[in-house]
Structures are given as structure tokens and as C-alpha cells.
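Colleague: Dumping the structure here so I can ask a few things about it.
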Amino acid sequence: MRTPTLARLPCRAVSGLTRSSARLQSQNFLTRRCASTAVLRSPTLAPAYQSALSKHFQQRRNASSTAAAVLEAAAANPDTLSQEAIIENLDPVEAARLSRVRNIGIAAHIDSGKTTCTERVLFYTGRIKAIHEVRGRDAVGAKMDSMDLEREKGITIQSAATFCDWVKKDAEGKEQKYHLNLIDTPGHIDFTIEVERALRVLDGAVMILCAVSGVQSQTITVDRQMRRYNVPRISFVNKMDRMGANPFKAVDQINKKLKIPAAAVQVPIGAEDEFEGVVDLLRMKAIYNRGPSGEELFETDEIPEKVKALAEERRQMLIETLADVDDEIAEIFLMEEVPTEDQIRQAIRRATINLKFTPVFMGSALANKSVQPMLDGVIDYLPNPSEVQNLALDKKRNEASVKLVPYNSLPMVGLAFKLEESNFGQLTYIRVYQGTLRKGSFVYNARNDKKVKIPRIVRMHSNEMEDVTEVGAGEICAVFGVECASGDTFTDGQLGYTMSSMFVPEPVISLSIKPKNNKDGANFSKAMARFQREDPTFRVTFDAESEQTLISGMGELHLEIYLERMRREYRVDCETGPPQVAYRETLGERVEFDHLLKKQSGGPGDYARVVGWMEPTGNLGENVFEEQIVGGSISEKFLFACEKGFHLSCDKGPLIGHKVLGTKMVINDGATHMTDSSEMAFKNATQQAFRKAFKESNPAVLEPIMKTVVTAPSEFQGDVIALLNKRNATINDSEVGVDEFTVYADCSLNGMFGISSHLRAATQGKGEYTMEFSHYERAPPHLQKDLIAKYQKAQADRHKK
């Protein structure tokens, strides 16, 4: 099939207007409007003007029909819109605009220097006038850490968006301006949803590693998230000025631990406190930073003698690694020729965008060294919006997969990826994948088909806003006045498209909570509603049995932050109970059942009989209900009631009242009564059969096992291992570095409560740890017995009341 052309479609470049330019545009519009009115009133000029106007609108209609034809062809056969076809056939003006846009995120392990690096990026691009440190003495804090809590604790809690322009010289020495949409993300696993939703809408990422620690636990998590959303990345080895810095250890760990081909594109000139700059391996030039804040770059062909041999060796390793992932370089390599600088650069770009390779840069953000070359790498090696494949599902065509085209003239498709409460109401962050989002326009929410107006569009600079009139394809913005949920798709109504949302992990820890003062009930409810809306991993439930409100999250720190925010932002002090683990229940073995529910009470009674079996599914994933009725002994509507009863039973297990995992129920026979059978009767019969069969199946209580990583100075290794053994942890691996060691272990969440204070005591405050949910496994028999007895006592006490 012939590839449909996208050329010649009219295009409107994205409006990144400042307030002054917006006012000027408005004045020009009024001037043109007055002039056009005068023309229309003129008897001699009106016909000519009307003819031109008619021709203009005809061109617009033709463009729209062409765009519609392109979409129609793509919907019928998505392969017609390959990324190559999109890039080749874009209108030159539109292609030029998109080629200068980069949507990137910065992600890494805790304290690898993400926010510090972002601060330098903003300074070197001219977005901010002065550098402020994360834990600076000036009490200002980094620009992207806008929350008071972030500045006090020195950590990033929520992702923050900004935009800036970076000027880079092309091959001919001409300066080209590139537009960057940048999102800084947290490093703590407790705030992993912030990383998830950022990577869901970004085209590329900078993965930062510590030059001393290399690949750490959260680096592996970030790598998994990048793979989930097919996000190309470049790597930046930060903290080259730290004692024990070894960037090539980090490169080796990317290859071995993350299993992605990687090679250095720079080598350091000096290290630790003698780190001076880097050597660019493509151009074989030494690069140094000068000026009070490293704002001036100095390049020279004179590479220091002490690193010449290393630079030659690493350049050859770069070419060899590329030969394994890129056909063009492989051919050159086999012919024993030397690729040119441009050939290497293009190969790195191809391999990076195709997720086959990551180039590794190095520097020190805190020391203001070698950040600008990393920015050049963002431009050179990360994709623009037209080079990334973004898919939507067409609900009008049985959810057929359709490629989205980052073209301003096509119908609008956008994804709401983050909600935030502000002084002006709900702020919704949207990535526009296709078409143009305009102020005052109407859009449709694909989830509920609601039509909403866009009253205001802003571009975010951390907690500051800049109003704009429109945002084009490939851009990120925020809008006010749009009620929606995180992950909702918006269209202009012409398309039935919906996009997949981001992955949301299940909470692993809960707390009972209530306001200390009953007068704070209204503010307490407002806070709970807002926090749930903003953060999908923060859950609020009400336990009818204990009559308690429970909040659930990703860890102790996660819930502590929300309790502190409630106190500061809503002036509500809360009482909390002890942490509660998200236990699960599961079936032990296959059990058959034949249950009859029969009640007579004078009038219509209840009658339902269900026959079948329950068995483990083989994995602790979703529960399965299956009907194998032959001969219609149970009608379809009663089977729906049986399925409902099964899922209700799985939501609250018979052992300790927690959710059930890995259970399958099959109903293959039953009986009904002409007058006494009902949907309610079959639902209740199924629940009763479930409870009885479950208890006969040798069931078990499951507890969450956490993947735990502890890092501390080497002299405390024995104390740390003893601390973990005391908590029944299974130690899987350990690494001993120059000054510190790392222990990798699996430990039950129940055993990890309160470890922070004990670890600080054991390591004189120098140890740190991270936890991430790994899997569920059977709890120890004594713990199962205690939990079941406690639950049964609570049930008995409740019935006495």
C-alpha cells in the first residue's frame, strides 16, 4: 500500500509565548480584525477580500480532509504510518519545529544528584539566574524542590516540570536553539508513582548514576520503568569529584546488571578532588569548565598526556560496542576501516532510540563540571517527538491499535498524566500527542465521554506558571478547570481514541487514622479526597468492622509525608495506629463443594444450589471464576450472581479478612427453584460455598516480602548483617567497595518496621536502606496462627455487640 503523505498540511507552531509577546499578538490580531472589517465595508475591496477569504477557508477544509484521509488509512492499516514515513513526509516547517523539541526526564537512585543536575541545566540554559543547592545554606533550596517539606528534608517528593531552551552548534558551526520540556523525578521508592507517570509521557531520559556507587537498587527499578514505557536513555555518571569515583565501574555495571549495551563517550581528566574535565571521544577534544559557576566551556585539541592512551582505548571500545548493535558500524568495523565522527554520532543516535544502547557521559553537577556536554548529548542522541512511536486504541474499531502522529493539523489527542491542587483549582498536566490544544476549545474525556472546556493553559516552571494560548503536538502543558482522573485521554471529539494509562503498584502498608479534634472532620475529608486524586498509590478505605479509616501507601515515609502535609496544609493533627501489613490469603489444595442454600419464611424463600470445585491457579496473580454448566441447570443471570459472590469473597478472605490471591472457582452444576431462586440467593450460596471450601483446603496467610538494600561504611558490615539476621532476612548478595559495602536481602515487611532508627544506631547515622515490594510468600506458622486467632476474637467481640 502506498504510504499516505503528510506533506503540505497547514501547520501552526507551538505557541511558547511570553506574556509580552502574547499581548503583542493580541494587539496584532485586533489590528488585523479592524483592518479586515474596513475591507469588508469597502464596496470596491469587499468582493476581492471575500474571494481570498473563501479561498483560505477552502484550503483549510482541504487540509482537514487530507488529515482525515491520513487518519482513516492509518486506522485501517497502522503500518502505513511507520516512524520513517512520518518523519519523511512531515511538512518542512513542522519537521523543523519537532526536530528541535526534546521531552526528557531525569531519574536515578536516591541522592545521585538528579535535582542538583537539573538546577545546573536550568542555570546554563538561562532559565534561572542563580544556582541554589538542595541543602544550601541560603535556605532557598533548588528551584525544582518547591515544597517546604522537600527543602527541609533535602529530598524530592513529587515530580516537577519545567521548560528551557538550549543553544547548540551544528556541524557547520551555526547555533541552533532547541526546546526542552524537563521533568525532575524523586529517587525514593515510596514515591515511585511520580517516576511512572513521568516516564509514561516522556520521549527520552537521563539516567544518573553515582560515580562511587554505580548501579544501585533504585537504578534497577528506574531501568525497569524505562523498559516498561520503551524510553530511550543516555547515562550520566555524576559525582566524579567524590573520593572513590570510578566511572568505568558504572559503565560495566550498566552492561552486566541492567543488561543494556553501554560505552563511555567521554573519559575523565583526573578524578576525585583532581577532576578537571572530560575528553570527548568522538571529537577527541578536551573540555573544561571555567567561570564562577562553570558557565564557560573551553575546548582544546591538546589532550593531557596522562589520559591520551585511555582515550584511544575507550574510543576503540565505543566503536566495538556500537558494531554489536548497529549494522552500519558493524560493516565498517568488519572492513577494518575507521568510522568518521559523524558516522559514530549517527550510530549512537540510532542505537539509543532503538533501545539497543546507552551512551555514558560523566561529570560533577555540584562542582559545575561537564553538565553542558551532557545537554549536547540530550540533543544529539535522544529522540524528538516524531521519532517515538506512540499508540492509541480506537474504540470505534474494536480497540485497534493506531499510531499517533505529532502533527498540529490533525485532531487533538492528549493524555492527563498528573493532577495537582493549586490556589486556582485542580491543575491537570497533559502531554499533547497529536493536534493542537487551544485555550477556550472543547475537548472530550474518552473515559466518560464528557465534554469540557479548556479555560486556561499554562506551561509550568516548577511552581511558577506562564499562560499560553495554545500548545502543539509533542508538547507538555497544564490546564485549569478540567475535572478528570490521572490517566484519562482527551480528544477533540472527532476520534474515538483512548491511550493506555501508567502502571500503578499496589500499596503494601496501612495505618488507621483519625483527626484528634472532631471539628477538623471537614478538612480531614478534603485532604483525603485530594491526596487520593493526586496520588493513585495513596488509598483511603473504611473498615466497617473496626469502624476505622485506613490509609495505605508504598511505605512508612510515603504515609509520613502525607500526615505532615495534612498538618501543614489543612491544619489537621491526626492520631494513627500501628502500621498494618497488607497480608493476603490463598488456597492450599483442590477442594470440591456441593452447597445448598434453602430458606423458607412464609413468603418467597431462598433457594440456590451450586456444585463445583476450588483450586490454586498456580501463581499468586488474579483470581479466576469459571462456569462449566451443561444443560442449563443454572441460568446465565444466576451465573453472573455467582461470579459476583466469588469476587466479593476474594475481596475479604475467611482467614483474617484480607484479600485472596491465586484462587480459581469452577461451577459445573447446580439447581434452581421456580419461585424461590434469585440472584441474591445464588450470590449468597456462592459466598457460603467459598468460605466452607476455602477453610477445608489447607489455606495459608501470605505476607509481603520486600527487596531490601542496605548501604553503610565498611566498618559496620558485621553490625548491619546481624541486624538483618535478627529480623529473619534472607541475604542474597553483598558488595564491598573501597569505603562502603552493600547488602542485598529479602525481608518480610513485618520484620522491617522500625529498622530506620536501629540502622542509624548501628552505623552512627551513616547507613541507609531502600525497600521495594518483591513478592508474597507464606507467613511463618506462628504468625499465621496469631493473625487468625486475633481476627476470630475480633469477629466474636463484634457479634457480642
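In case you wondered, yes, glycine gets a Cβ from its N, Cα and C as well.
Reproduced below are the annotations present in Swiss-Prot:
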TRANSIT   1-62  transit peptide
DOMAIN    99-386  domain 'tr-type G'
BINDING   108-115, 184-188, 238-241  GTP binding site
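So where do these features actually land, and what's packed around them?
Modeller: Along the domain 'tr-type G' (99-386), the predicted structure has mean pLDDT 89.
Secondary structure at A108 (GTP binding site), as computed by DSSP, is strand.
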Colleague: Give me the long-range Cβ neighbours of K114 (GTP binding site): same chain, 6+ apart, Cβ under 8 Å, in sequence order.
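Modeller: Result: I106, A107, A108, T156, D184, T185, G187, I208.
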Colleague: So if I draw a 10 Å sphere around the Cβ of M240 (GTP binding site), how many other Cβ atoms end up inside it?
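Modeller: For M240 (GTP binding site), the 10 Å Cβ neighbour count is 28.
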Colleague: Restricting to the chain of H188 (GTP binding site) and a gap of 6 or more, list residues whose Cβ falls under 8 Å of its Cβ, or answer none.
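Modeller: H188 (GTP binding site) has long-range Cβ partners I110, I155, Q218, L557, T770.
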Colleague: Between D111, T185, which of the binding-site residues has its C-beta surrounded by the fewest other C-beta atoms within 10 Å?
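Modeller: Minimum Cβ neighbour count within 10 Å, taken over the binding-site residues D111, T185, occurs at D111.
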Colleague: If you draw a 10 Å sphere around the Cβ of A108 (GTP binding site), how many other Cβ atoms fall inside it, taking every protein chain shown into account?
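Modeller: A 10 Å sphere around the Cβ of A108 (GTP binding site) contains 27 other Cβ atoms.
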